[in-house]
Amino acid sequence: MRTYNRTWESEFILLGLTSDWDTQVSLFVLFLAMYLLTVLGNSLIVLLIRLDSRLHTPMYFFLTNLSLVDVSYATSIVPQLLVHFLAEHKGIPFLSCAAQLFFSLGLGGIEFVLLAVMAYDRYVAVCDPLRYSVIMHGGLCTRLAITSWLSGSINSLLHTAITFQLPMCTNRYIDHISCEILAVVRLACVDTSSNEVAIMVSSIILLMTPFLLVLLSYVQIISTILKIQSTEGRRKAFHTCASHLTVVALCYGMAIFTYIQPHSSPSVLQEKLISLFYAVLTPMLNPMIYSLRNKDVKSAWQKLLGQFSGIMSKLAT
């Protein structure tokens with residue numbers, strides 16, 4: 001037991017993606033650019049929704065939460081990843097590893113539940129538009145958002161506590177880009193079947209259950225859209241859901257592939273690339289998807305840029 005305690009009090013070594021220096025420098029430049037785009041894009045979405053009163057609706061309230069989750073999730077992983085690309089020693093202290101696991105797992109769970117909440121919002125908007133403002137009132141939206149944040153955080157807290165209670169052998173090398181839960185569990189020198197069952201159960205609760213709710217919502221939405229007589233009406237109804245549906249496909253697809261079947265998981269390299277896609281690419285793409293495919297957001301951008309141009313013209317004169 002003393003050996004285990006000494007192991008916990010030391011640090012872990014993250015093996016990352018590659019040990020080749022030139023490749024690491026190239027990846028540093030690439031991921032730094034992607035991270036800056038992620039922070040900039042999501043921050044601008046939050047600022048835009050805040051400034052434009054036309055976007056003060058339930059849909060954009062939840063989108064604000066989604067942007068905050070995305071930028072926080074990326075921040076929980078990418079800065080440490082960037083440091084390790086340029087550092088000779090790629091250690092991460094025990095407490096930092098535990099904190100990274102807690103925040104990344106928690107924020108991931110929050111996003112899954114939040115996407116289900118956004119699907120319900122789209123369901124009400126398309127299937128019961130006349131009562132939309134009555135159903136999706138401010139109090140309900142706040143409660144749904146709080147439920148999303150609490151459910152992901154509580155699940156992550158439990159998993160982090162259980163994982164770091166495991167006795168670890170002398171091996172402190174984590175073959176991953178971050179302190180991801182499955183990679184950390186693999187370091188245990190005891191039977192981890194109960195931990196894998198716990199991961200499976202929480203995946204069903206926080207991943208598959210919201211995913212099924214999203215599917216049910218979109219079955220009803222599609223059924224309602226098909227009943228609309230005019231082509232323009234069908235196009236407009238579908239357009240209100242297109243951005244959310246694209247984000248759902250990205251987020252749920254990667255997470256289901258990674259977490260639902262620990263025993264049937266892909267190779268270590270594939271697992272790293274999947275996690276990297278989810279941590280870096282998806283948070284960067286989300287604001288682009290909502291900006292390019294959403295008429296209200298594009299209109300708000302044009303208005304804001306017009307106001308900015310007007311201010312600059314006055315200053316120039």
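Yeah, the Cβs are placed from backbone N, Cα and C, and that goes for glycine too.
Now, the feature entries from TrEMBL:
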- 25-49: transmembrane segment (TRANSMEM)
- 41-290: domain 'G-protein coupled receptors family 1 profile' (DOMAIN)
- 61-87: transmembrane segment (TRANSMEM)
- 99-120: transmembrane segment (TRANSMEM)
- 197-219: transmembrane segment (TRANSMEM)
- 240-261: transmembrane segment (TRANSMEM)
- 273-292: transmembrane segment (TRANSMEM)
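The stretches the transmembrane segment (197-219) and the transmembrane segment (273-292) do not meet in space: the count of Cβ pairs below 8 angstroms, excluding pairs fewer than 6 apart in sequence, stays at fewer than three. For the transmembrane segment (25-49), same-chain residues at least 6 beyond its ends with a Cβ under 8 Å from one of its own Cβ atoms are 17-18, 55-56, 60-61, 63-64, 67-68, 70-71, 74-75, 78-79, 81-82, 85-86, 280-281, 283-284, 286-288, 290-291, 297, 300-301, 304. For the transmembrane segment (61-87), the residues of the chain that approach it from at least six positions outside its boundaries are 14, 16, 24-25, 27-28, 31-32, 34-35, 38-39, 42-43, 45-46, 49-50, 96, 100, 103-104, 107-108, 110-111, 114-115, 117-118, 121, 141, 144-145, 148-149, 177-178, 247, 279-280, 282-284, 286-287, 290, judged by C-beta separation under 8 angstroms.
For the domain 'G-protein coupled receptors family 1 profile' (41-290), the model's pLDDT averages out at 86. Within its own chain, the transmembrane segment (273-292) is flanked in space by residues 17, 31, 34-35, 37-38, 41-42, 44-45, 63, 66-67, 70-71, 73-74, 77-78, 104, 108, 176-178, 180, 243, 246-247, 250-251, 254-255, 257-258, 266, 298, 301, which lie at least six positions past its ends and keep a Cβ under 8 Å from the stretch.
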